[in-house]
Amino acid sequence: MFKGKVVVAQGGGPTAVINQSMVGAVLESRKFRNVELVYGAVHGVRGIVDEHFLDLTQETTHNLEMVAETPSSALGSTREKPDLKYCQEIFKVLKAHEIGYFFYIGGNDSSDTVRIVSEEAAKADYGLRCIHIPKTIDNDLVVNDHTPGFPSAARFVAQAFSGVNLDNQALPGVYIGVVMGRHAGFLTAASALGKKFQDDGPHLIYLPERTFDVDTFVSDVKEVYDRTGRCIVAVSEGIHDASGEPIITKLAEEVERDAHGNVQLSGTGALADLLVSVVKKKSGIKRVRGDTLGYLQRSFVGCVSDVDQREAREVGEKAVQYAMWGQTNGSVTIHRTGFYSVDYQLTPLLDVAGKTRTMPDSFIAANGHDVTTDFLMYLRPLLGRGMPDAYRLRDNRVAKVLNR
């Protein structure tokens, strides 16, 4: 444990609980006498380079607690990935401000950022403790049982499809909902948690872990529609064909990519529009509608899992404890124990950074377009208390008089 200042930053997509992790790290840091000041970097590593800091030592505990319960990233975020030159600029600022502890809250790309900064600090012989705090609605961080942000987003998806199912029952047709998830289908699969009755939707769930064939998709939709008179489909934005090419790229001549080289899958309704058009054209079904859940999944106010909030706070607190009491850098990871409880560990950055976790085969039905009971058992405890329920009128039909 050495004297110094703390910097906390948030990276990647906002979530409903990322502020819990930030506040957890800030309040825990303020408990240690060796911590001189606690800074928040505005817009992630870009804020460090620009020396855009907020002094969170001066922030009241009450206001921090209010911010903790507020969705999205209170410090602002970034998608930037530091290279060597970028890291050298980071070190220049960190040294000038005498910062000794760096906590970065984020997902895959953010964990890789922490790894790079950590390695460059070691090369420069600069005493900097670097801890990655997990966050991603995609739930695709390796080693972790699940990641903060995912349970609340999953709760939103489950409730959204529950509502869509009720709407679709009243006015039957085909509904296609596109859900976030580039490589991992956890969030799309969460749509199944909104089902209560046997004929509830989603009736079909398509995940990036399985190859997507357009003709097979249309055939599946038509089979369900012919059998039930309606069909609700949950589709991951990351679905791809047999060659590995994302279906979305078939729509555009130029595909936009972010700073990490990732194809921009979100922020457009193109995939939903494509699938709607294909189903209409090849199946002959007239009433086909599509939606893209988009950014609503990430930080929807009023749809937060209490389990997610608690664990997001705790990974922030544990990050500080590991930094103060330990001698190594790393990533805080979540491990399930028993039916449902969790334990936290500090995992080497190399074991987490830049790696992607996908849904295991045991979570995906043999037919490739549904989930298993194992997945439902895995996810249900994460959604938290107070999930809304839906009911139906009993089918007490009155006999016809005119027999028409």
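Even glycines carry a Cβ here, placed using N, Cα and C.
Together with T136, I137, D138, M180, G181, R182, Y295, L296, Q297, R298, Swiss-Prot lists one candidate of E89, E237, E245 for binding substrate, that being E237. The 10 Å shell around the Cβ of L296 (substrate binding site) contains 15 further Cβ atoms across the protein chains shown. The number of other Cβ atoms within 10 Å of the Cβ belonging to N108 (Mg(2+) binding site), over all protein chains shown, comes to 25.
There are 26 other CB atoms within 10 A of the CB of D138 (substrate binding site), with all protein chains counted. Within the set of recorded positions G13, N108, D109, K135, the entry lying nearest in space to E237 (substrate binding site) is G13 (CA atoms).
Across the structure, G13 (diphosphate binding site) and D138 (substrate binding site) are spaced 10 Å apart at their Cα atoms.
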